[in-house]
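Asker: Here it is: the structure, laid out below.
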Amino acid sequence: MGIAFHKMHGLGNDFVVIDARVQPVSLSEAHIRAIADRNTGVGFDQLIIIEASTEADARMRIFNADGGEVEACGNATRCVARLLGSDVRIETLGGILHGRAAAGGVSIDMGQPRFDWQTIPLAYAMDTRDMPVGWDGLERPSAVNVGNPHVVFFVADTHAVPLDMLGPRIETDALFPERINVNVATITGPSAIDLRVWERGVGLTRACGTGACATAVAAIRLGLATGPVTVSLPGGALEIAWQPGESIIMTGAATHVFSGEIDTGWLG
Ligand SMILES: N[C@@H](CCC[C@H](N)C(=O)O)C(=O)O
């Protein structure tokens, strides 16, 4: 008997989704890394486990491809909302999120962004709007916590940045005690941003929903854009609406690809 799963994606950021309410699962970090492997496993950016919740319609646990559990995943939240229904509340480690069916896919109320350095978290105090730090030409980022931690660099051309080299260095810098998701963005219009993301615990992905939220918020906070903002990622676009003091609303596609079974004998 295998483990039933759904393969889903949001703009090419892909997930294995297991509904543990109907089939309890217990997976070690080594199991998660084995299933994540795109050559010898099923392959995913994040593993999502849906559990029963006493505070919301369901609880969603999020594991990166490296096996670590994290607080938030914007693209996967849209996918889980799509699986659960048209108006749902989902408990995450980053808070309770509200999802609704919307034109263009699913809208999620991602809650309010946090900017204080202890909450990002950073290793020591600094201005998170304009951080006096840099790594080989990537300089003065903003930091935003949208349930999970992000730094956002605004550059002239996001496609010219060697994010595959700099991403892992910045992700693991001692400034970020819980590591960090690294966003490199170019403002392309008053309400338009091109974005590439090095995700903590995964690497370069085709899209990152929380990265799009953090980047739109940082751009609005710096006066570089006015909302709602269209954030274009390699896998497609997300609409992000936010005003200071309010929740972030993220809208975009959530795609179900197929349902399958993981052979537990192979997992060992
Ligand atoms: N792909 C996600 C973010 C997943 C978690 C992230 N890698 C982290 O470690 O915080 C998204 O769509 O937001």
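Keep in mind that glycine also has a Cβ here, set from the backbone N, Cα and C atoms.
All TrEMBL annotations are machine predictions without curation.
Per TrEMBL, the features are:
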BINDING   N13, Q46, N64, G74, N75, N148, N181, E199, R200, G209, T210  substrate binding site
ACT_SITE  C73  active site
ACT_SITE  C73  active site, proton donor
ACT_SITE  C208  active site, proton acceptor
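Please situate the listed features within the shown structure.
Answerer: Proximity of N181 (substrate binding site) to non-local residues of its own chain (separation of 6 or more, Cβ distance below 8 Å) is seen for N148, P149, H150, V151, E171, V197, W198, E199, R200, C208, T210, G211, A214, given in sequence order.
Sequence-distant contacts of C73 (active site), defined by Cβ-Cβ distance under 8 angstroms and a gap of at least six in the same chain, are F15, Q46, I48, I62, N148, G209, T210. In the three-state DSSP assignment, the secondary structure recorded for C73 (active site) is coil.
Neighbour density for C208 (active site, proton acceptor): within 10 A of its CB lie 34 other CB atoms from the protein chains shown.
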Asker: Quick one: of N75, T210, which of the binding-site residues has the smallest count of other CB atoms within 10 A?
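Answerer: Lowest Cβ count within 10 Å among the binding-site residues (N75, T210) is T210.
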Asker: Write out the long-range same-chain contacts of N64 (substrate binding site), meaning residues 6 or more apart in sequence whose Cβ is under 8 Å from its Cβ.
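Answerer: The answer is D45, Q46, V70, E199, R200, G201, V202.
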Asker: Near N13 (substrate binding site), which residues of its chain come within a Cβ-Cβ distance under 8 Å, counting only those 6 or more away in sequence?
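Answerer: Non-local contacts for N13 (substrate binding site): D45, Q46, N75, A76, T205, R206, A207, C208, G209, G235.
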